[in-house]
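Report on the following structure.
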Ligand SMILES: Nc1ncnc2c1ncn2[C@@H]1O[C@H](COP(=O)(O)OP(=O)(O)OP(=O)(O)O)[C@@H](O)[C@H]1O
């Protein structure tokens, strides 16, 4: 910050005092009257981000925003990764006296709570991490809903998948940790992955003592209001209590009060979760398409939720799919029950459409962000419950839905209270008043009638004065700054009676008051203030009544969110003809007529279909088992559909394991513990890694971490380097996956290396498949069918022609190919004058048992 000027006004002294108490990177918004002002560097930063005009008072650069529009600007600053301290007036302003001011809240991307600063459909996590010899320890917290979790794992790579899927808005780290980790006693690829996770995010550093386990235990037990953590199944020295304590400390600092909506702390265990490593989340486009949009992702393809809390639950289920077979089967069976009764399913979804975001409303009410509409949200949701419960009962007493039904609490007396107390239309701001219904409180009605009576008195006065003065245009008006006054236009000034007291001259005339008007004004203000104070007291009582039921409300909201996801999946299953998958502890993966859930929907999109001339997705079968057909090697021309096929198998497996139905005719999944993928090429140049390096990192991760229960999809391993190197690596990877004589991870391996197909003769659990094409007059037609057996050739030149390569290049490529295929290693160059080019000899591989690679 620029140095403060020598002689400061008392107000600026106060400003600097507040500013000194804040960390350096926080923008201070300082309330002055109706504005929040920013000074010096803060003003420059905010004006750049928000497009504000930078002004100067003396030598001090400043930028201001009207307080009622602050939310918009705050949203922009948070989106730019900034943190903001709000400093408000702590007492009513009095003329000639410096108002006391205090920071009331610090807003940061991970701790903001206001509805317009949060994506309703997404969870919003603040996450703290530590790494030591024992492993990676993490705690994460969604302050908007109160979800609070800890996790620890000796292997950082087991924890990073879920953290990546949670996509925290802000990280809390020990000062200097990013640098220290470089020399941590862990696998380098894990450290690399940890940096890759942290560096693109907003990281806030705190001193190490905030992360101490003993301190964390104290902080966490205090905030949860418990004596120990046994009730949550957590040991008192759980290593993630350090990060958990740091989170609570940071949240408390930012809220300028203790977070009031933390009720429990749950442990996340990677051993109970299907792990999707960060590369797989990206490659399979689970949460985001490769273009970085939600559109085109699996999440968006299977999201049919009608409520924000439902959309967030779906995101959580996908981020950490459970390995609990009974739970998966329960969800899948519930989808079936809902699907079987379309009438009541439709009804249920209609009721759910009117349900509001209870978890976030509770979060805001508990953390002092209160407005009348939030209470309206609770009222409107409670009023849907009788209908929702009746609809659920219609599915019959033996339905599994009845257990969900019994978790819904109607809370009739709270509903009755809110309905009788709250007006139908509610303002967003407490200061606006008029949110308590007339008739609810006789005292409030009396105060309000005083205001109304006074207003009638004013209009009577206006009429009377018009008659007395003969000025027909005489008006009684009101402004916030000025109060009530009589306005007389210039033309009538000569008619003004002597008892009028002139207060202000305007362009068009003069403003006056009278003694009577001044007395009445006081009465009106007094009555309005009293009415508003009474309303606010009634509001506080309503908030207290709601918070008394917060546990029941939260449980009900969780159940509604679950119903919403499941009902959405039933609709999805009906829309796209999904089947109920069979899940077991076996080791097979059998999909009959499987389809890619995202591509199938995209093909039906008229805009996409028009460009392709086709609208239907061709289904394909899959049969894998870790003890028999373990490794499917898929060859076929470019563009045939290999990548789509292997991804669809991974996505169908994932859908089955979250409890959703699957795009297939039938589907049987032996539980999968991890899904790995190595697909396509992506650069990580910013971190100094080439395409090939990224590819090898991801492959190393798979080979080091896959178990017999894993599902692996590999697309064109080795393509990022020379043909010989690439083929050798691909070959060795296949052998490695098949090294155990009995069993190995179920694997789909798409490749252009025809040579690999010869491995079928030598590796008992490897099966060759190809994606068929039809050839017609030197042109190819894609039929998108996966058939047993290896592809005969790759048709690259025909595909290049489809892509519009100049015909001279195509013809020349054909000549070169013919020569290469006839094993003639010399190719005539078109110009007789130039020497002969000698492309590398075509590779043929004849594997031998132990020294296969020698033959390359
Ligand atoms: N079963 C299918 N039904 C309909 N369209 C499909 C099917 N499979 C793939 N496609 C479409 O074919 C195109 C090519 O598919 P894909 O990228 O999977 O081919 P590929 O064999 O992996 O190609 P390359 O080897 O060049 O990477 C995609 O646009 C995809 O939408």
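FYI, residue positions are counted from 1 along the chain as it appears here.
Even glycines carry a Cβ here, placed using N, Cα and C.
Here is what TrEMBL records for this protein:
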{"type": "BINDING", "residues": "636, 637, 638, 639, 640, 641, 642, 643", "note": "ATP binding site"}
{"type": "DOMAIN", "residues": "710-726", "note": "domain 'DNA mismatch repair proteins mutS family'"}
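For residue 643 (ATP binding site), the count of additional Cβ atoms within 10 Å of its Cβ stands at 19 [all protein chains shown]. Listed in chain order, the extra residues whose Cβ falls within 8 Å of the Cβ center of the ATP site residues 636, 637, 638, 639, 640, 641, 642, 643 are 771, 782.
Note on the domain 'DNA mismatch repair proteins mutS family' (710-726): its mean pLDDT in the predicted model is 79. Counting every protein chain shown, the number of other Cβ atoms lying within 10 Å of the Cβ of residue 637 (ATP binding site) is 22. Taking all protein chains in view, 25 other C-beta atoms sit within 10 angstroms of the C-beta of residue 642 (ATP binding site). Taking all protein chains in view, 18 other C-beta atoms sit within 10 angstroms of the C-beta of residue 639 (ATP binding site). Cβ-based crowding with a 10 Å cutoff singles out 636 as the top-ranked of the binding-site residues 636, 641. Listed in sequence order, 771, 772, 773, 782, 784 are the same-chain residues at least 6 apart in sequence whose CB falls under 8 Å from the CB of residue 640 (ATP binding site).
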